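Here is what TrEMBL records for this protein:
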ACT_SITE  His11  active site, tele-phosphohistidine intermediate
ACT_SITE  Glu89  active site, proton donor/acceptor
BINDING   Arg10, His11, Gly12, Glu13, Thr14, Tyr15, Phe16, Asn17, Arg61  substrate binding site
Amino acid sequence: MKKINLFFIRHGETYFNTCRKIQGWSDSLLTEKGELEATHTGQWIADNVQLDRVYSSDLGRTKATTRLILLENKQQKSLPITYSAQFREAFFGSFEGDRLNQLAGLLCISVSAENDSELALVVNEDDMMNQVKKSDPTHDAEDATAFWRRVRKGLADIWDNSNDGDNILVVTHGALIRKLASRTENRYHENPDNGSISLFEMTDELDLTLQKYNQCV
């Protein structure tokens with residue numbers, strides 16, 4: 001049976017992260033700390049993993065993180081890199097750029113939750129995405145169906161272009177990694193840290209097993 005290893009990495013810290021602003025398809029630059037996080041992750045990857053292929057979200061913060069990671073991988077200078085919109089963060093529509101606590105407060109009111117912790121208990125990941133779209137005045141935000149459709153396309157592309165035993169690097173976003181882990185294990189996970197590594201084993205394009213989550217280096 002074909003098996004591949006997916007090393008999902010959350011991009012380094014950005015300016016919007018420090019301001020606690022919603023950053024889906026909108027973008028901001030890596031902070032100095034974020035650049036260091038990417039460099040440290042790159043050093044760990046270079047020392048511990050022989051990569052076969054690299055995928056990255058096509059947003060600026062993930063591209064910058066990917067570049068810094070691969071700068072440390074001096075033994076593998078010609079790795080094929082695919083920049084893919086399929087691995088973008090969830091899209092928050094007109095809430096893009098707003099403060100996180102504003103959207104969280106709106107969602108708490110909509111489902112009668114008293115705080116963020118209770119919100120995570122009473123609403124699952126997919127329902128929360130659907131509620132964001134419903135609450136968005138423009139209704140442009142992604143719902144769960146649209147989100148998973150594109151993520152599945154991205155995973156299928158990886159599967160179709162990999163060989164048994166391949167180690168694949170996927171530089172992407174916090175909510176995407178969290179949602180993937182939560183769905184894989186059927187339980188809620190906290191957001192992974194910037195620059196952290198989460199390892200999944202894939203035996204089919206939709207058959208994932210979580211091996212490690214939010215490993216910081």
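Just so it is clear, glycine is given a Cβ too, placed from its N, Cα and C backbone atoms.
Across the residues the record lists as binding substrate (Arg10, His11, Gly12, Glu13, Thr14, Tyr15, Phe16, Asn17, Arg61), the two Cα atoms farthest apart are 15 Å from each other. Of all the recorded positions given, namely His11, Phe16, Glu89, the one with the smallest number of surrounding CB atoms inside 10 A is Phe16.
In sequence order, Leu30, Thr31, Lys33, Gly34, Glu35, Leu36, Glu37, Ala38, Arg61, Ala64, Thr65, Leu68, Asn194, Gly195 make up the list of same-chain residues 6 or more apart from Gly12 (substrate binding site) whose Cβ falls under 8 Å from its Cβ. Glu89 (active site, proton donor/acceptor) sits 11 Å from His11 (active site, tele-phosphohistidine intermediate), taking the C-alpha atoms as the reference points. The Cβ neighbour count for Arg61 (substrate binding site), using a 10 Å radius over every protein chain in view, is 27. Counting only same-chain residues at least 6 apart in sequence, those with a Cβ under 8 Å from the Cβ of Arg10 (substrate binding site) are Thr172, His173, Gly174, Ile177, Pro192, Asp193, Asn194, Gly195, Ser196, Ser198.
The Cβ of Thr14 (substrate binding site) has 22 other Cβ atoms within 10 Å, all protein chains considered. For the recorded substrate site, residues Arg10, His11, Gly12, Glu13, Thr14, Tyr15, Phe16, Asn17, Arg61 set the reference point as the centre of their Cβ atoms, and the other residues of that chain within 8 Å of it by Cβ are Gln23, Ser28, Leu30, Thr31, Gly34, Asn194.
Under the DSSP three-state reduction, Phe16 (substrate binding site) is assigned to helix. Annotation note: the residue listed as 'active site, tele-phosphohistidine intermediate' sits in a coil segment as assigned by DSSP.
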